[in-house]
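Dumping the structure here so I can ask a few things about it.
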Amino acid sequence: MARPAPLLLLLAAVCLVAAASAGGADAAERKATTVGVYELRKGDFSIRVTNWGAVIMSVVLPDSRGKLDDVVLGYDTIAEYVNSSTYFGALVGRVANRIAKARFVLDGKAYHLYPNDGKNTLHGGHRGFSNVTWTVKEHVGGGDAPYITLYYHSFDGEQGFPGALDVYVTYQLSGPYVLSVHMNATAAGKATPVNLAQHSYWNLGGAGSGDILGNTVQLFASRYTPVDAELIPTGQVAPVAGTPYDLRAPTPVGARVHLVTGGLSKTGATIYGFDTNYAVDGGDDVDAHAHALRRVAVVRDGKSGRSLELWANQPGVQFYTGNFLTADVKGKGGKAYGQYGALCLETQGFPDAVNHPNFPSVIVRPGQVYKHEMVYKFSF
């Protein structure tokens with residue numbers, strides 16, 4: 001997704017917050033709330049996760065020749081994630097994507113949020129779920145199905161959102177070269193919008209190996225939500241047929257990326273590339289938290305032979321082609337990623353759904369449980 005406002009946080013502050021929250025607790029509780037890095041490994045398939053922002057720091061798997069590569073963009077240190085504005089690998093919320101004019105009305109009451117993308121709210125505000133310390137509830141690093149479960153309590157009024165919210169995410173290596181993501185959230189006391197998204201940047205050739213313009217992408221989506229110049233949905237849900245947004249057949253990213261606009265630069269220049277919410281086929285006729293798994297996308301990298309197949313239960317998916325990555329964004333090993341250096345497939349409720357009654361609802365009321373399931377299947 002497009003650029004957020006800069007995040008003015010320091011790692012020292014993270015440590016202080018973690019220490020304060022653990023005051024008086026036993027050693028296990030202090031460890032659970034201290035920022036750390038946790039590995040899950042199943043043979044030659046592994047991921048690393050940090051409880052800062054519930055970030056997936058790395059995903060390592062073989063290519064068609066057996067060569068291991070890390071296929072997600074990111075950084076070498078937690079401090080770099082803390083001070084980043086890219087959302088590399090993070091779990092974003094309370095409401096992913098944009099909310100127009102940083103406001104919405106729910107049950108007759110207007111709520112005003114923290115604007116961090118011009119006059120709009122992006123990914124929950126300047127201190128969304130990607131910018132907080134999560135508690136490690138469980139961590140099993142090896143075995144047949146290694147996993148880690150993280151927890152965050154979002155307080156009533158955080159970033160302007162109503163009601164307290166208890167949020168869990170579990171990352172699991174659930175099969176041979178299968179990564180599952182299970183998110184759930186329970187509202188307490190008040191109804192609130194909930195729209196969580198996993199914001200990993202994928203380069204199946206290996207992070208820092210070049211751009212993804214040669215990748216082929218297939219999206220199982222016949223419609224999309226057009227946006228204005230600020231990337232706010234117009235409210236229309238339009239057919240992709242006959243437009244450059246039609247990716248229903250496998251299509252090289254480079255064949256379309258310069259035919260679609262993905263926002264404006266700080267100087268007002270047009271940025272080309274996808275930053276587009278697609279309505280997943282069969283998925284937008286009921287509430288965003290009540291779906292079965294459906295196939296969302298397939299991505300293939302010809303050079304490495306790697307493929308990614310994504311399944312999820314949300315009505316939408318944001319396809320983003322790293323339009324705002326620049327040469328000064330340096331990641332693991334000091335590599336400059338550059339524009340189009342990765343792509344994102346963020347399954348989600350529709351952007352700005354709180355302001356469009358015709359979109360699938362993202363409202364979770366007390367007693368309801370928001371559930372967001374994702375399954376990444378890799379092959380090579």
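Here the Cβ of each residue, glycine as well, is placed from N, Cα and C on the backbone.
Pulled the feature table from TrEMBL, pasting it below:
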type	residues	note
SIGNAL	1-22	signal peptide
BINDING	Asn97, Arg98, His199, Ser200, Tyr201, Asp275	beta-D-galactose binding site
ACT_SITE	His199	active site, proton donor
ACT_SITE	Glu346	active site, proton acceptor
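Help me understand the surroundings of these features in the structure.
Residue density at His199 (beta-D-galactose binding site): 24 other Cβ atoms are found within 10 A of its Cβ, drawing on all protein chains shown.
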Return the count of C-beta atoms lying within 10 angstroms of the C-beta of Asp275 (beta-D-galactose binding site), excluding that atom itself.
22
Looking only at C-alpha atoms, tell me how far Asp275 (beta-D-galactose binding site) is from Glu346 (active site, proton acceptor), rounded to the nearest Å.
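Here the two Cα atoms are 10 Å apart.
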Here's one to test understanding: among the binding-site residues Asn97, Arg98, His199, Tyr201, whose C-alpha is closest in space to the C-alpha of Glu346 (active site, proton acceptor)?
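Closest recorded candidate to Glu346 (active site, proton acceptor) by Cα: His199.
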Tell me, how many other CB atoms lie within 10 A of the CB of Asn97 (beta-D-galactose binding site), whichever protein chain they belong to?
28
